[in-house]
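The structure under discussion appears below in the form of structure tokens.
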Amino acid sequence: MATALSPPRGPKLKGAPPSHYYESFLEKKGPCDQDYRKFWAGLQGLAICFYNSNRDLQPLEKLDLRLFSKLRDEALLGSSRDTAYHFSLVLRDQEVKFKVESLESCEMWKGFILTVVELRVPSNLTLLPGHLYMMAEVLTKEEVRRAAEVPWCFLQVSRLEAQLLLERYPECGNLLLRPGGDGKDSVSVTTRQILNGSPVVKHYKVKRAGSKYVIDVEDPFSCPSLEAVVNYFVTHTKRALVPFLLDEDYEKVLGFVDSDRENGESAWAVPSFRASGPALPANVLKPLPPVPVSVSSQEDKLPQLPPLPQLPDTDENYVTPIEDSPAAEYMNQDVSLSSQAVPLKPKKPARLPAKPPKPSVVPKPDLKAITSVWTRKLGGSSSQASSLVTRLGDITAELEEKLQKRRALEH
């Protein structure tokens, strides 16, 4: 059985090339680059896209013109062989330098950038009528594009939240759009500026009139879109007001590039679970939580502390004199014991006299009385009594002799 032939497959359609307001080769040097790098660049809305070649569909990097501050011409500081033209794009967070081969390309890039940023065709550049006509067409396209989208500085916040955002992130801008307080299609504008060191917060009402927005000021001004409302506040304040753009360079959700096994195409995927930490193996037991112990049980288990040793008596460090009588009598010795005792200074030890004290005078013994006493005790032994009397006389004579010698030494 014959099978129906399938139609031949046609060539795979490639993606449509991106549409740019203006595109050409452009050499770029960022704040982290040491030298210029050549790209194929294109202006797309409020962004400058950089490609490796004019055949690439995805840009390598972009510059956000919503952070535009000013354009500045660069002086030629290189060698005489460098005939390129230089200009710088100053943004709120960085400054990027560019280099092009001709003056026409330099003026074209500056003209288109100012057209999409300021929503007007610049008149201070060296441009031909054809160039001005091209920029007028770009201006119309950009106004239509912005009318269909909400400005980046429009946030769904309340009046108080808008004030807090402008106060907390002053580096992100000082002008913010929010829904009106009447619950209708109206819009409110909140601004915050510093005057003599003090913040000044203002709120403006924008009414909806059909397809237009009317700024409710002394001289009401009608705008075709919310983007035009933002541009009105920026241009009429000499760019003192800057649209609020919260820095969201960091992602909040983890993602990765995943390839489809069926068709082989790559797509951005987000994990379906959030791991709080490394999972434990199945055979590893989880540690048990600590058991709370009451204070009373802990006190019962604690060993008793040994008693503290007694402190030494401070009086032991002092020498107490024995029978140290006062040297003189004072009038205030009758003070009661309840009064505060005054510590006395230790007395100096008394000096010994240079000469020994005089010995007390001993009376002379009565020889007759002594002789009579011993005579009675010895009974009738006259010979013993006479010998004893003789010895006593000798002792008495010896004592008298020693006494006379001592008196002689004293005198």
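Using N, Cα and C of the backbone, Cβ positions are placed for all residues, glycine too.
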Matching range for Swiss-Prot feature annotation, coiled coil, among 12-32, 285-305, 390-410:
390-410
For the annotation region 'Disordered' in Swiss-Prot, which listed range does it cover: 257-283, 338-364?
338-364
So if I draw a 10 Å sphere around the Cβ of Tyr22 (phosphotyrosine), how many other Cβ atoms end up inside it?
21
